[in-house]
Structures are given as structure tokens and as C-alpha cells.
Amino acid sequence: MAQHTVYFPDAFLTQMREAMPSTLSFDDFLAACQRPLRRSIRVNTLKTSVADFLQLTAPYGWTLTPIPWCEEGFWIERDNEDALPLGSTAEHLSGLFYIQEASSMLPVAALFADGNAPQRVMDVAAAPGSKTTQIAARMNNEGAILANEFSASRVKVLHANISRCGISNVALTHFDGRVFGAAVPEMFDAILLDAPCSGEGVVRKDPDALKNWSPESNQEIAATQRELIDSAFHALRPGGTLVYSTCTLNREENEAVCLWLKETYPDAVEFLPLGDLFPGANKALTEEGFLHVFPQIYDCEGFFVARLRKTQAIPALPTPKYKVGNFPFSPVKDREAGQIRQAAASVGLNWDENLRLWQRDKELWLFPVGIEALIGKVRFSRLGIKLAETHNKGYRWQHEAVIALASPDNVNAFELTPQEAEEWYRGRDVYPQAAPVADDVLVTFQHQPIGLAKRIGSRLKNSYPRELVRDGKLFTGNA
């Protein structure tokens with residue numbers, strides 16, 4: 001594999017020599033950093049099983065190597081890497097897999113270790129959505145996830161990825177993560193804090209990642225991380241699990257942050273060792289039981305993961321003074337909800353008791369029941385999934401609801417050819433050789449729902465959202 005030239009500040013190299021265990025080779029570290037990163041994907045088990053995915057993609061000649069800590073994760077090699085971007089494959093467009101770096105699958109593996117089955121989870125720094133979607137798959141779309149993102153520009157990307165993967169149990173917020181400890185104390189069974197960091201572990205992906213690196217900036221970042229983990233720990237219920245992770249390598253932003261939390265709340269913090277998380281985990285194990293993953297150990301990005309339990313309650317933070325504002329939605333009455341459910345079922349949309357109908361003007365939404373306890377405590381950017389808009393003749397079903405709720409076995413499902421599916425993703429109407437009978441048509445490809453069309457004569461009118469429309473070469477190879 002070709003090498004690339006990585007910029008290493010001298011002070012960084014000195015710090016790494018001190019931080020690296022004697023069992024590891026510093027020369028191996030430097031060599032690993034200069035090898036391009038292996039690509040990896042995670043199968044979205046909300047949409048397909050690993051076995052079915054492997055069978056579906058077998059004709060492509062992809063080499064898929066299992067990732068030890070994530071049974072649905074694979075390193076991927078393709079002979080035609082330059083011919084078609086992974087993101088333009090049919091399987092990616094329909095949400096069957098997520099392009100995710102292997103080491104970033106570790107925190108969620110740690111969150112659900114030992115059979116942990118949390119019902120209300122927070123992802124404090126969620127964009128672009130790799131870990132939120134991984135959490136949702138582990139929860140099988142049950143319970144509720146609060147996915148927060150501080151950067152306004154990244155919230156849209158977060159929602160797009162959640163929607164593409166067919167996820168229905170997520171509420172999005174846009175806050176500084178330091179507010180949650182005061183705003184929603186002891187409300188979560190599990191919390192993932194994949195903290196903003198100096199990014200020392202990502203040099204294999206970005207050779208210039210350390211251009212602005214300095215020991216002083218590490219200390220400033222660590223100060224913010226301490227505030228974030230303190231807030232997250234307050235938001236965690238007693239008995240709950242907190243996973244703290246970064247994609248950096250210095251101890252200041254990793255072990256020291258976790259040790260600070262234990263020193264601050266000595267009777268409430270229990271470190272949960274990760275040496276048995278997967279075969280070979282002990283190669284990265286620290287004396288505290290954390291995983292400090294240098295890139296040469298597993299040939300992946302540098303990463304850090306710690307898992308801890310909150311053993312008892314801690315003194316509450318001052319109640320926040322901000323006002324959340326009026327919640328603009330109201331629950332739909334049972335009788336009307338039954339009518340809506342029946343109408344939705346006629347086009348193949350079904351949901352279970354984990355979701356409840358709410359209304360805002362002419363909009364119908366499905367919110368995860370587990371998030372209702374947070375209403376009035378935080379302001380949501382987006383909650384659950386938009387099911388439909390009402391109009392004089394009935395309902396205008398929404399694309400994200402189709403992707404999350406539709407069954408491809410519905411009587412009105414219509415399977416597209418590869419060429420027709422590609423036209424669909426380009427936002428164009430489809431003219432099948434034999435048009436379906438129904439007026440509302442659930443269009444599928446590879447037996448996966450990809451949208452809802454109106455039949456007008458022999459034409460299927462495209463309803464694919466404009467912001468998702470794709471240009472350029474797609475999976476049939478035609479531009």
C-alpha cells in the first residue's frame with residue numbers, strides 16, 4: 001500500500017514516545033501513520049442481515065474482512081475503487097450500509113457490552129451520525145435516542161444519515177453539550193460522549209491533521225472535555241453506563257479526563273474494564289481498563305475508549321434559567337390515530353407501540369414514546385419522523401416515513417429494474433414496461449423501499465426529495 005507524508009511536530013513525537021507502552025514499537029507507529037487508512041463499512045441491520053448483505057454483494061467481488069469488535073463491520077477492498085464511489089452504490093443509497101471507520105465502531109460496542117440494553121440513550125456529539133445509527137441498530141429502533149450536535153451546519157447531515165438508514169427512534173438537538181447535566185439530570189440509561197478532540201489519531205486519513213497542533217491546544221481541549229464529561233455524568237441515571245471516546249492519542253485528553261471525573265466523584269464513578277470486549281482487546285488495554293488504540297495495533301485510526309458506571313446519585317447542578325418555549329405539537333386523539341394508522345397501512349406503512357402520533361397544523365409526526373419525558377426540558381431541532389401532511393383528499397406521505405416504516409412485501413410494492421432505480425435516484429419520473437395497478441405505489445429496489453410514487457397513467461411520478469437527488473455515475477455505470 002502506498003505511503004503518504006504526514007506532518008509530525010517534534011513536540012508531538014516526544015509526547016507519543018512518553019505515552020506509548022514499552023510493548024509497542026515507535027517505528028511501527030510512525031510507519032502505520034504513513035500508510036493510508038483501510039476503508040471500512042458497517043452493515044445496517046435495521047435494513048438487512050449480515051448474511052443477506054454478503055449474499056447480495058457477493059457478485060461484486062468485494063473483499064470484506066470482519067472487524068473483530070463489530071460483527072456487522074467489515075474492512076472493504078474493491079478492484080474498481082475508482083470506478084464508482086462507495087456512496088453511489090445502490091446498497092449505500094438505500095441505507096443497507098454505512099461508511100464508517102473501523103475504530104469509530106468501538107465506542108458503541110463498549111456501550112452495549114455485557115448485554116447492556118439501555119432504553120434511553122444520548123449521543124452528545126452525534127454528527128455525522130455513524131455512532132447514532134450504530135446505536136439505533138443495536139436498539140433495533142426501540143427505545144429512544146437523543147442525538148445532539150453543537151455545529152449547526154452538521155445537524156442537516158446528521159438528519160440525512162438517520163433518515164437514509166430508516167431510523168425512527170431519534171430526537172435531534174442542537175446545543176453545547178455542557179447544558180445537558182443541568183437540563184436533563186439523571187434521565188439517560190446510557191450516554192456516549194465521543195468528545196471533540198485534537199484529532200491526533202486521524203493522520204492516516206488527513207496527513208495535515210497536526211498542522212495546528214500544540215501542547216497548549218491539547219490542554220485547552222482537555223478543559224472543555226472535562227466540562228462535557230461532567231455534564232454527561234450528571235445526565236446519566238444511577239446505574240447507567242457512560243462511554244467516553246476520542247480519536248486522539250495523548251493522555252491529557254483521554255486517561256486524564258476520566259481520572260479527573262473519578263477524582264471529582266470518587267464514590268460514584270466505577271471504571272468498567274474493556275479487556276474482554278473482543279478477542280485481542282488486551283493489546284490496547286491500559287492499567288485503568290481503558291482501550292488506548294495506537295494505529296499500529298489493529299491497523300486502523302488511533303482511538304481511545306473508556307467505559308464507566310455511575311454507581312450512585314451526585315449533587316444536582318443549578319437549574320438552568322433559559323426557557324424552552326411552547327412545544328408546538330399535540331398528541332393525536334385515539335380515534336383519529338386509528339384512522340391514520342389504517343390509511344398508512346394501505347400504502348405499506350406500519351409502526352409499533354414505540355412510536356406515538358403527534359400533530360402540528362397539517363403535519364403528522366411519529367415520536368418515540370421514550371423521548372416524551374424530555375418534552376419541556378430541552379428544545380428539539382427535529383423529533384422522530386414526519387409521517388404525512390394532510391390535505392383535502394387525504395394524506396401526503398413523507399419520504400423519510402417510507403424509508404423507516406414501509407414493508408417491501410406490501411401488496412402495492414413495485415420492484416424497479418436497475419435502470420429504473422437509477423432514474424428514481426436522479427429525481428426523474430419512471431416509465432415501467434408494465435405499470436402497477438395502484439395509484440399510490442411503494443417503489444422498491446433489491447427488495448428495499450426507496451420511495452413512494454403516484455401512478456399517472458403509465459408513469460410513476462417521482463417524489464424523491466430534491467436535496468437527495470444524485471448526479472454523475474451511479475450503480476449501472478451510466479453517467
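Here the Cβ of each residue, glycine as well, is placed from N, Cα and C on the backbone.
According to Swiss-Prot:
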type: ACT_SITE; residues: Cys247; note: active site, nucleophile
type: BINDING; residues: Ala125, Ala126, Ala127, Pro128, Gly129, Ser130, Lys131, Glu149, Asp176, Asp194; note: S-adenosyl-L-methionine binding site
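Annotated features taken from Swiss-Prot, shown on the structure.
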| residue | record | CB count, 10 Å |
| --- | --- | --- |
| Ala125 | S-adenosyl-L-methionine binding site | 21 |
| Ala127 | S-adenosyl-L-methionine binding site | 23 |
| Gly129 | S-adenosyl-L-methionine binding site | 28 |
| Lys131 | S-adenosyl-L-methionine binding site | 25 |
| Asp176 | S-adenosyl-L-methionine binding site | 12 |
| Cys247 | active site, nucleophile | 23 |
Pairwise Cα distance for Cys247 (active site, nucleophile)/Ala127 (S-adenosyl-L-methionine binding site) [Å, integer]: 14
Reduced DSSP assignment, Lys131 (S-adenosyl-L-methionine binding site): helix
